[in-house]
Amino acid sequence: MRGMLGAGWGLAALLLAASMLSAALLAPGGSPERGAEAEPQRDLDLDKKRQVELKMDQALLLIQNELLGTNLTIYWKSERCYRCLFQFLVNVSQSGKPGKPSVAAVSVGTQHRSILQINDTLEEKEVCRLEYKFGEFGNYSVLVKHTYNGVNEFACDLLVNKNPVDSDLPVSIAFLVGLALIIAICFLRFLLSLDDFSNWISKAINSRETDRLINSELGSPSRADPLSGDTQPEMWHQVASPHRLRCVDTFRGIALILMVFVNYGGGKYWYFKHASWNGLTVADLVFPWFVFIMGSSIFLSMTSTLQRGCSKFRLLGKIAWRSLLLICIGIFIVNPNYCLGPLSWDKVRIPGVLQRLGVTYFVVAVLELLFAKPMPQNGALERSCSFLGDITTSWPQWLLILMLESIWLGLTFLLPVPGCPTGYLGPGGIGDLGKYPNCTGGAAGYIDRLLLGDGHLYQHPSSMVLYHTKVAYDPEGILGTINSIVMAFLGVQAGKILLYYKDQTKDILIRFIAWCCILGLISVALTKVSENEGFIPINKNLWSISYVTTLSSFAFFILLVLYPVIDVRGLWTGAPFFYPGMNSILVYVGHEVFENYFPFQWKLEDNQSHKEHLTQNIVATALWVLIAYILYKKKIFWKI
């Protein structure tokens, strides 16, 4: 029965992928009539129809100018662009005669609310301003005209000519179908836990096996012996150390699978992409969670290794070697060149995800190794010193971590940056009313450009999307690595709680709740519960300390849920996330290397359809879950 359940989870993963694929394929949300002409309103001259090819996350906007003798200039900006300059959108000539407005057609973004400013071109004064959330592939008109209600004024009316499509519908359907399938699987597991139902299934299976044996004895073609037993014994006890917890591997798997889905495109939805500067999206959650859980794994695995008699000097060599391998593999991955020809050294990107993981792993692991103390064989602290023992026994590490954070704060807010205000945390570009266009990232960007050079940094940062930045900026840069070390150490703290208070579930949960609340309150104080107005906003590009405390608070909350459900009550095995969590390096490297290969990517019928991109990304992500499951069953694990 155990083998059947194991195979059942593999089948469940396949069903999940197939169901979500079907949901995405059947759901509306395409891009019909994307290149439709700008339909004239009322009695507009048909010769003034304009052809506008709409792309994903765009709508068609017609600016109709009924003003005689007044040319208009239209400016635009997104509401998500904080303190940004308006950007030129289109010019509209004056109306030729009454009742015959001049028309200009233009595409506008639909991801966020848009702010339109309509100016008199000659006098450079504002005629009117509109704020509106356009819908994907919708058709809209803005009619600019005079009003004569005693005072000669201007009026701007917005009309919907053609309703937009609901581009979020495929995501909603895929989520609901996946949720329904998960509920169905949980219900099936509940039925299997019932003795009567389980006995009925066993009798049915035994009856079928008996019939097949009788048929075989009567002359049916011989097959493999059905009584040979389960050839795939449980893996957990074979691969797990004494301190290994399934919730840790499951959490790692959740972060990894989300990372794969986001890196593959996330259906091209804005909330599955990184925030342009301040704020959080789904894409901004995954990497710090991976760093956090890496910290937990460092402590648990190091404690187990030292208890087996490994010397600290030998373990230090392993740590250094693993860190070096992570950095080297990362440099190879972020510089793919198999289709681009020879790559010059001055264009090689040095920072990256694995590079930051390698440096973070080395610092945190060495820090723990230097101050490692013998643990009791049962893993639990004595009751006399159990209160806050997970913190008091680590005071040297905490002191050094606080010193590192002081360095980050000092460099961020006190380092003079040429041409930029001291302590600048903004995106540069058109942000801050365009005053500091080349100051992207403040001290963090300056240090990277000074030490690594522009050519060795990421050339397409997320700040380019809304803020139109021109300088290179790397979100995995040098200064931000300090805060990734801080986050990994908070993960170490979670690992210590799990180990020091082993078999004391109440104490573990209380400490998880305490850390969750403390870090959350620190985030509230730093951000003033505001995206842009706080002392230190939440910012993934900077890896600000508020970003670390916020995501660490979420991480403790997730462990607060996973630990009792998986490791205490056994209500969930962690599948299917547990399998990629057990083979994280292989899945991460594999998904990066084979990103552009079939079956992870194929030619889409409509490249401007969220529905088709979502289907492709779900399939690609599900395939890596399936690959991890197969490798787990084959006992293949890539460790460095």
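Using the three backbone atoms N, Cα and C, a Cβ is placed for every residue, glycine included.
Just so you know, TrEMBL annotations never went through curation; they're auto-generated.
The signal peptide annotation in TrEMBL covers 1-26. The feature transmembrane segment is assigned by TrEMBL to 169-192, 250-266, 286-307, 319-338, 358-376, 397-417, 478-501, 508-526, 546-565, 577-594, 614-632. The domain 'Heparan-alpha-glucosaminide N-acetyltransferase catalytic' feature in TrEMBL is assigned to 244-367.
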Region pair the transmembrane segment (614-632) / the transmembrane segment (250-266), three or more CB pairs under 8 Å: yes
Are there at least 3 C-beta pairs under 8 angstroms linking the transmembrane segment (250-266) and the transmembrane segment (577-594), leaving out pairs fewer than 6 apart in sequence? yes
Can you break down the domain 'Heparan-alpha-glucosaminide N-acetyltransferase catalytic' (244-367) into helix, strand and coil residue counts using DSSP? 89 helix, 1 strand, 34 coil
Give the nonlocal contacts of the transmembrane segment (358-376) in its own chain as ranges (CB under 8 Å, at least six residues past its ends). 291, 294-295, 298-299, 302-303, 306-307, 312, 315-316, 319-320, 322-327, 330, 382, 393-394, 396-397, 400-401, 481, 484-485, 488-489, 492, 499
Suppose you look only at the domain 'Heparan-alpha-glucosaminide N-acetyltransferase catalytic' (244-367); what would the mean pLDDT be? 92
Positions whose Cβ lies under 8 angstroms from the transmembrane segment (508-526), at least six residues beyond its ends: 390, 490, 493-494, 497-498, 501, 534-536, 538, 545-546, 549-550, 552-553, 556-557, 559-560, 563-564
